[in-house]
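Encoded as structure tokens, the structure appears first; notes follow it.
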Amino acid sequence: MTADPNDTAHSAFRLAEKHFKNRATPDFPALKDLPLSLCAPVLDLSRPAHQPQPLNDEVWDAGWWGASYAPAVPPPRFRRKGKERARGERPEQDLAGVAMLQLKDGRAGYVVAEGCILIPGYLAPPAQEALLLTALAEYTLPPNPLSLDTHYRVPPDLFAAYLSEPDTLIAPRHYEFDEAQRIQLEAASKATKGPRPLIETAPAATLGYDEVKRRNATWTGDAASLKLGSKSVAALIKELRWANLGWVYQWSTKSYDFSTETPIPFPVPMKDMCRAVVASVPWAEVFTADEEEPDWQAWEKDYEPDTGIVNYYQLKDTLMAHVDRSELDPSRPLISVSLGHACIFLLGTSSRADPPRPVLLRSGDVLVMSGRGRQAYHGVPRILEGTLPAHFQEREGDSEAMKGAKRWVQAGARVNVNARQVFPPGFKMPAAEVN
Ligand SMILES: O=C(O)CCC(=O)C(=O)O
Ligand SMILES: [Fe+2]
């Protein structure tokens, strides 16, 4: 029996994911070549232009490069004496199908998939350092929900606690439960045992505001685990997986919570940066006349992100293939910034059966997904070891907070800050809202 390419377990996307996730041993990244029919070569658009021996390219220095993916040289930490291989020539990139754009701010952008634009090195090193600190010290503050909240009563300023009292133990929430709550939670966890079903929800743009709100009305939040023990602040901040900006996203229902009519304000500097990115794109060149063209003419003036997710990855973390379709406008840009270690980002089509294109995302890169690109499956199967740019080393003159943020990212982390617009401009809440 041959595998059905649409079957998610055997889809081209799943095979590519497995390929990049594979670590032959826990500490040695062995990536075998994948047939090109299953996965195109990795695009590495922000690598320094000089070849074959680029300077100051941490991805190259760590033994990774853009076109082959089997590292010729293991990253320095993992190199075994006498087993070094020649670094070889860095292959030319195959840029077939990747259009280059001259952005209105003078930068270069690349159309890496329909409606998807990669702007290499959008943020210079100082801006990367500042956004890293903001992501850790500000975006984690209440009232922003954190992934850890379900299981721990997180200190109100987690990052400040990490700087000043990293060894303090934080007890899990279930320590506070009485016997009745415990029995109820145990029964609930037994009832939901087994792998989580993959829920494919309909796009919010199809469901509409009322239906999204109705579906969320009965949602009471995730259940706290009964299995966790106390953890130090330093251990806990390494387990932080996401923070939510603006409208609150409910992971279990894959929809935004419209029960509060005023969202948490979206951070202004990030909003301004996203608006500048959208205004810099020559959209007419991205969407060549096509009947389904989105209303990009308006974006330059009225694009305004009102929600976002900050993803915090450690080396072994991955993000499975998904489509972000919970926003009421299905085509407005999603702006995504990468910080810290580089990663392999898989960018597919609206079908998992199509082979995705692997793109190397480095610190400072901005990826824009818009139009039909908003329906594309995407995910992060691999954070690349040893690829932290040198500017994330502590320097004299760094504040204590900046030094702490750099220590955190040096342990193998990558941060992704992304922004989206849930409500199209001029959206009127239905009259039923008023009561
Ligand atoms: O980490 C990334 O680059 C992608 C994150 C993402 O796709 C998401 O948060 O929806
Ligand atoms: Fe996403």
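Every residue gets a Cβ built from N, Cα and C, even glycine.
When the candidates His341, His378 are compared with the Fe cation site entry in TrEMBL, which names His322, Asp324, the shared residue is His378. The binding-site residues under consideration are His322, His378. Their Cβ neighbour counts within 10 Å are lowest for His322. Residues His322, Asp324, His378 make up the record's Fe cation site, and a Cβ search at 8 Å around their centroid adds Ala321, Val323, Ala376, Tyr377, Gly379 from the same chain.
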